[in-house]
Each structure stands twice: as structure tokens, then as C-alpha cells.
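*Asks:* Here's a structure for you.
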Amino acid sequence: MIDLSTIAAQLNARTILPEGIVVITLLVVLVGDLILGRSSTKWTPYAAIVGLLGAIVALYTQWDSSNTIGFLGAFNADALSIAFRGIIAISAITTILMSVAYIEQTGTPLGEFICILLTATLGAMFLSGADELVMIFISLETLSISSYLLTGYTKRDPRSNEAALKYLLIGAASSAIFLYGISLLYGLSGGETRLTAIASSMANAGSANISLALVIALVFAIAGISFKISAVPFHQWTPDVYEGSPTPVVAFLSVGSKAAGFALAIRLLVTAFPLVSEQWHFVFTALAILSMVLGNVVALAQTSMKRLLAYSSIGQAGFVMIGLLANTEAGYASMIFYLLVYLFMNLGGFTCVILFSLRTGTDQISEYAGLYQKDPLLTLGLSLCLLSLGGIPPLAGFFGKIYLFWAGWQAGLYWLVLLGLITSVASIYYYIRVVKMMVVKEPQEMSDVIKNYPPISWKLPGMRPLQVGLILSVLATSLAGILSNPLFTLANSSIAKTPMLNSALVKTVEANSVASQLDFSLPSKN
């Protein structure tokens, strides 16, 4: 006889309550849009925001839960996943606020856009807690396919179609590479799919052949993850996709998708690859160096705000990798804190870009010349967000970088931290270049677009949500610096409450000693 209570205990469906709320919200928006048509745009954005806020409340109720394993080990609702899922949900809320006016102007259905965005959010949230290979791949593909659809959503725009095609082709290749890597893990572990079981199985085997194959699996898995976080040299899609995609979509990809990628990186590398810890540290060190240097250097030559922010996001990914490479409690906590403040300063910057493009139809940096004289509030908001991205005190970005660099320095990553400081200083130049251009005082230096700058009416449909999103982002960017200590304490608490990371930090030395005894060379032919 089937014991339903045992099955219910093993499934532990409460672990995915936040995702369940997002699914219900998605269905409400979808059905409402089908029944009411265009008139549903008056309430669908707010219904989606309420649902996402409900998901955040559900995440809060799970904070101190000790029963975090659900669905036979496929999902882990530990504090680490709660932190990342919260960041993803907040990024989705902000994206919805900034997208209403933009999507309405393009003439495409808003309800469908929100449904696809909620699906991408759902995939990213599941990916943050996925603890099993099948769950990881399904979540990753849910996020990826939704992202492709969002990228090409404004189908009347040829740039959007081109961006979607490039993203689809490169993303499909990346997914195939990642799938090959995790299929190797499945074979090496003797058919295990849970990450902890895979690590235990390979630790018990420990032969030279398994070690070589494990490194190959590691390389393929890192390639797939690097595509998702836009790490060099897997970044080629980023500038073109960011430039051609709808700006709210770019904002979500730069934060929500990237946060999910880093959550996957932590869980997969720490849990499944402890025997090759030195190898993945070496690979990510190279990725961090390339991302920080190329991202911040190439950004200096950009003439489009969206391309500038694209290369900026590549450089920011390099900074976040320092926390991953530190492999300490402070390192992982600094990653979470930086992604949280990066959410607000980056989305705030994109909100300002949307406001400017709605009124001028351009995102060229040269057209921002003299903006202060016509729109001082927009100039102030964009300046604060850009200066925070550059790490200027006392804004949130400064404290985020301080925590990352300090964690890296304590872990002995001296040259990497010094390179991070140098490239961070270089990034300040291209951020301040935009700020300086906006505050020119001479009338003859103003761009033609600014000379004919139209007045804004906040009473137009979708403008109020955009205004709220901008105010919240700018305030958070400004105040998060003052509140950095309690926010970092919260991030540190999420690491301390995660058994996976605690055990990994304790066993790092043991794993390295075991790995040093393994032979990674190819067998010689007799």
C-alpha cells in the first residue's frame, strides 16, 4: 500500500512555495490577458508585482527552516538559494516597473511579455536551488528559452530579431557543451544525478582515468556557466544582444540571469568538483582576469550606452568572481552583497536609459550632452547609478567592491585584487565621461536631441511605474552604502546557514590533499 505521508515528506513541497506563487501569478496573468485582451494591461503588471512580493515573503518564512531538501533531493531551499532567489525576484519586480511604458510604446502585448518574464524568473529561481543534474538542466533551459523569446520580443525591430538569433545560436551551442559536461559527471559517478552523491561516488573511485575525465567534465561545465555570466571569452553575444534587445530585457539579463549563473557556479563547483578544486580555481582565475581587463578596457571606446553597460557587466562579472575564488565565508557573502547592490545600481541605470530613449529615440552617449539643463533629476539619477557602478564612495558600489577585494586579499589573491583595483579605476573614466557630458554648461555644446528635448508627462500610461522603479533604484543605490553593514551581515548569515558551504570550507584542505595524489596525465601507449 502506498504511504502518502512518506511520499509527501520526501517531496517536501513547501520548499518550492515561492516558485508555486510565481506559477499561480503566471497563470493569473496569462488567463486574464487571454480573456480581457488589451484592457488587461491596466492590472497585469501590478498582479505580477504582487505575486513576486508574495514569493519574497514566502522566501522570508523559509529563512530559518532546517528541512530544506525537497523532491527527493532535486531541490535545496537552503539560505544560499533563498538569497539568490530573492535577488532574482527583486530584479523581476524592477524590470516589470520599467517595462510597462517601453512595451506599450512598441505596440507589442504587455501581458505576453510579463508571462515570458515570469517564466524566466521561475527558471532562474529553480536554478538557484537545483541540486540534481536533471533539475539543473531543465531550469537552465527554462531560463534560456524564455530569454531568447524576450530578446526578440519587439519583432518589428530588425535589431531585436538579429539579437535573438545570435543569442539563440550561441546559447544552443553553450547548452550542448554544458549538457555534455554534466553527462560525463553522470557516467563517472555510476549513474548518480544528485550533486552530493556524484561527489561521494567519485571520491570513492579516485582512479587516474576518472580524474582526467573529471577535468574534461569540469571544463565543459565551466564553459556553460561562463556563457550565462558573460565571462570572457564566452562573452561574444553580450554586446550585440544588449544593444539590439528591448532595454527592460537587457536589464533583467544583466542581473537576474547573471545571479542565477553565479548561484549555479557556487553549488555545482563546490558540491560536485571538490577533487579538482585547484583546477577550477585556475580556470576561474583566468576568466576573472580576462573579464576585468577586456570588459573595462573595451568599454572605454563605446559610443552606445547599452553597449557600454554590456561591457561594464562583463567587467563586473570579473569582480564577482574574486569572491568565488576566495572560497571563504567572507568571499561568498561578498558575492551575494555585491549582486544585491549591483541589482539596484544597474537597473537604475537602465531605467534612466529607458526614460531618455522614450523621449529621444536614441541611446548614443553623445546625445546626452547638456541633459542637466533640460532634465536635472534624470541627470542626477543616472549619475548616481554610474558613479556607484564605478565604485565611488559613499555609494553602494564602493562598499560592494571593498568587501569583494578584502575577501580576496584575506584569501591570498593579492595580484587578482590589485588587478581588480586597477581595472576598477579605469572603469571610473568611462562612467565619469558620461556624467561630464551630461553637465556641460555651454549651450553650443548641447546635442541637437537635447536642444529639442520634449517635456515629460508622468500621467501617460506606464510612466508612473517607471518613475517608481527609478526612485526605488536610486534610493537603494544611495542608501545601501549607509546600510552596508547590516546587509553584509545578512549575506554572511545566508552563508553560515548553508550546510553545503560550511562542510565544503572545512574539507577544502582534505580535498586538495586527495586531489594532489591523483594523476591527471594521459596514459602512455606501450
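The backbone N, Cα and C atoms fix where each Cβ goes, and this holds for glycine too.
Copied straight from Swiss-Prot:
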TRANSMEM  16-36  transmembrane segment
TRANSMEM  80-100  transmembrane segment
TRANSMEM  110-130  transmembrane segment
TRANSMEM  133-153  transmembrane segment
TRANSMEM  168-188  transmembrane segment
TRANSMEM  212-232  transmembrane segment
TRANSMEM  280-300  transmembrane segment
TRANSMEM  308-328  transmembrane segment
TRANSMEM  336-356  transmembrane segment
TRANSMEM  380-400  transmembrane segment
TRANSMEM  402-422  transmembrane segment
TRANSMEM  468-488  transmembrane segment
*Asks:* Any chance the transmembrane segment (468-488) and the transmembrane segment (110-130) are in contact, meaning at least three CB pairs closer than 8 A with a sequence separation of 6+?
*Replies:* no
*Asks:* With pairs restricted to those 6 or more apart in sequence, evaluate whether the transmembrane segment (110-130) and the transmembrane segment (16-36) have 3+ C-beta pairs under 8 Å.
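*Replies:* With 3 or more qualifying Cβ pairs, these stretches touch.
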*Asks:* Let me check one thing: do the transmembrane segment (402-422) and the transmembrane segment (280-300) come into contact, meaning three or more Cβ pairs under 8 Å with sequence separation of at least 6?
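*Replies:* Yes, the stretches contact each other.
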*Asks:* Please determine whether the transmembrane segment (336-356) and the transmembrane segment (212-232) are in contact (criterion: at least three Cβ-Cβ distances under 8 Å, sequence separation 6 or more).
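*Replies:* No, since the transmembrane segment (336-356) and the transmembrane segment (212-232) share fewer than 3 Cβ pairs closer than 8 Å, they do not count as touching.
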*Asks:* Quick one: find which recorded stretch in 80-100, 212-232, 380-400 has the most Cβ pairs under 8 Å with the transmembrane segment (16-36).
*Replies:* 80-100
*Asks:* Would you mind listing the long-range same-chain contacts of the transmembrane segment (80-100), meaning Cβ under 8 Å and 6+ residues beyond its ends?
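*Replies:* Residues 18, 22, 41, 45, 48-49, 52-53, 55-56, 59, 62-63, 110, 113-114, 117-118, 120-121, 124-125, 128-129, 246-249, 251-252, 255-256, 259-260, 262-263, 266-267, 332, 336, 339-340, 343-344, 347, 350-351, 354, 461-462, 465-466, 468-470, 472-473, 491, 494-495, 498, 500-501.
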